[in-house]
Amino acid sequence: MSRFQRVAVLGSTGSIGESTLDVIARHPERLKVHALSAHSRMERLAEQAAGSGAAVVVVPDEAARRRFQAAWPAGRPAPEIRVGAQALADTAADDGCDTVMAAIVGAAGLPAALGAARAGKRVLLANKEALVAAGGLFMRAVREHGAELLPIDSEHNAIFQCLPHGERAGAPDQPARGVRRLLLTASGGPFRRHDPQDLHEVTPDQACAHPNWSMGRKISVDSATMLNKGLEVIEAHWLFAMPADRIEVLIHPQSVVHSLVEYEDGSVLAQLGQPDMRTPIAYGLGFPDRLASGVGPLDLARCGRLEFETPDLQRFPCLGLAFDALRAGQAACVALNAANEVAVEAFLSGRLRYTWIPRVIMAALEWQQRQSSVTLDSLADVLAFDAEARAYAGNLGLA
Ligand SMILES: NC(=O)c1ccc[n+]([C@@H]2O[C@H](COP(=O)([O-])OP(=O)(O)OC[C@H]3O[C@@H](n4cnc5c(N)ncnc54)[C@H](OP(=O)(O)O)[C@@H]3O)[C@@H](O)[C@H]2O)c1
């Protein structure tokens, strides 16, 4: 066994990937990069691989391989270049790594995240869409293959930190002993106070201008619509075996309290910190130790006020749709996620108005209800139904 924890960072060129490499670079005595992956930013991938000494990089196709090679600094020994989606899943299961940071955006990250779980790795899960699309399958793989699943989404990481672990928690497929409710906080995004009538003309840049967090564009739009919080409710359901009616969402515009756990005796435990993803990432990399993350102290006196309010489902219809999908079951969750990915992509590329995002999702959920006997017992089943839902959403004439 290596004295280093060897990490594969899947989606290394994204916001979570960059933050992960920043934390790893602070701990050369215990953390080492094994593999990196990217989808379009090959020049950045080459810089990251050269800087971190990665042994392996994974790229999507031959054209990307050539771009990576062209960007590689002359005279330096190059990493092994693996190509394609299967190579991504194989790399997640590779003997060369102990820990996998699953930071690809969207359901595209599911096969690799599942591959890591099936290989019994420490899985740092940022890719919430994997759990939304295949929560049952994923959690079963974690249990059956002895993987160690650590949530990286700041809300779930906060909840994880506030929950009892091991024997004190009870059975893994039941809510932790003594817990009454989970309270997920949400900033409310850039349009928290806007009149919903005024959102018709919203541009991608306005939707991506998050007040507190710096993130990739897809999750930024999801935060604006609050579908992101809906995905997180579904994620919390699977991670913590918690029924929908014991998960509550609270708008907290300052993003200082990252989430809370309410116990049967009335105690409420919360995790607080600056809105910087390096804190949950360092927690996942170091667990059970605490590692320096580069995040500074929280100055509560300077924060002054911490506010909380109940979200308005008229203003944020996507949040209500996610609760509906969770109550309806796994097929509805696949349809919700797939339709959202199609709609957000169309919005970001100027083909769909912002206010049509919930309409596309609603139409896909109605379509899903008309499908009889959908089986989602395997990864192939999930991917096939996900593709059907995407095709439906894409053919609506809206996207
Ligand atoms: N950002 C945050 O603060 C935050 C917080 C909590 C959870 N998350 C979750 O973490 C995940 C990543 O978010 P992010 O903000 O880091 O996203 P991002 O900045 O858009 O980065 C996404 C990464 O995935 C790669 N990628 C995109 N499409 C791919 C595909 N089809 N196949 C393989 N790789 C692909 C991208 O490669 P290229 O860049 O090379 O195209 C990039 O490395 C999401 O699931 C998000 O919900 C993010």
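Each residue, glycine too, has its Cβ placed from N, Cα and C.
GLY216 is the only one of GLY216, GLY230, GLY266, GLY273 that TrEMBL places in the NADPH site (with THR13, GLY14, SER15, ILE16, ASN127, GLU129). Residues LYS128, SER154, GLU155, SER187, SER223, ASN228, LYS229, GLU232 are given by TrEMBL as 1-deoxy-D-xylulose 5-phosphate binders; from HIS165, HIS200, HIS210, that same site also lists HIS210. In this structure, the CA atom of ASN228 (1-deoxy-D-xylulose 5-phosphate binding site) is 21 Å away from the CA atom of THR13 (NADPH binding site). Here the Cα atom of ASP153 (Mn(2+) binding site) is found 8 Å from that of LYS128 (1-deoxy-D-xylulose 5-phosphate binding site). Distance from the CA of LYS128 (1-deoxy-D-xylulose 5-phosphate binding site) to the CA of GLY14 (NADPH binding site) is 15 Å. Checking the binding-site residues ILE16, LYS128, HIS210, GLY216, GLU232 against ligand 1 with a 6 Å cutoff on the Cβ atom leaves ILE16, LYS128, GLY216, in sequence order.
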